[in-house]
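Peer 1: My questions will all concern the structure given below.
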Amino acid sequence: AALPSLLAWLAVLLLGRARPADACSCSPIHPQQAFCNADVVIRAKAVSAKEVDSGNDIYGNPIKRIQYEIKQIKMFKGPDQDIEFIYTAPSTAVCGRLLDTGGKKEYLIAGKSEGNGKMHITLCDLVSTWDSLSPTQKKSLNQRYQMGCECKILRCLSIPCFVSSSDECLWTDWAMEKNNVDGRQAKHYACIKRSDGSCAWYRGMAPPKQEFLDIEDP
């Protein structure tokens, strides 16, 4: 009788020591990939937040989400209708993304559309303060990232690493800059499809030439 009691006590102890943050983990992603994967990409401010019910889970318990009311400044990708509300999980432990609601901080936000002026974001989506973006990243949001959405960006974990096909670009920030996901290639490069169907990194503030011949290798 003592053994089941001891096992039950150990289970409770282990559960008590579990860290909620371990429930959510995200793989590093180049900002161009985040742009291409998203339904909606906007520049916006969050002006208010409140917890709302979003249906029930399989056990009948209410599902809580944070509803951010936002002021959209510009849409780079998405529907014709402006986004009015952004939804996310209530904490980072369950992949929720927290936004400042003072109305002063501007964000670049990429996420999934829920229709009717609503979108959803998680901790794994691209959400950055506008001021933290490089001039090249801001410029790329208008057209350049979209030009490379048919390309594949491969994350290099350790040197040496290689591409396996002509439509791939090798992202080496992780290997070359000590696991940095916001390195030189993330800040200053876009992977763009060339006229011959291959893909290559492009750097520069000016739009690529028609044949995309002015390439700088990272």
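Here the Cβ of each residue, glycine as well, is placed from N, Cα and C on the backbone.
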Peer 1: Looking at the disulfide bonds in TrEMBL, identify which of Cys36, Cys95, Cys199 pairs up with Cys151.
Peer 2: Cys199
Peer 1: Check for me: which candidate out of Cys124, Cys149, Cys156, Cys161 does TrEMBL give as the disulfide partner of Cys36?
Peer 2: Cys149
Peer 1: My understanding is the cutoff is Cβ-Cβ under 8 Å with a sequence separation of 6 or more in the same chain; which residues meet that for Cys161 (disulfide bond)?
Peer 2: Leu154, Leu170, Thr172, Ala175
Peer 1: Quick one: of the recorded positions Cys26, Lys64, Cys151, Cys156, Cys199, which has its CA closest to the CA of Asn37 (site 'Involved in metalloproteinase-binding')?
Peer 2: Cys151
Peer 1: Tell me, if you would, which residue among Cys156, Cys199 (disulfide-bonded residues) has the fewest other CB atoms within 10 Å in the structure shown?
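Peer 2: Across Cys156, Cys199, these disulfide-bonded residues, the one with fewest Cβ atoms within 10 Å is Cys156.
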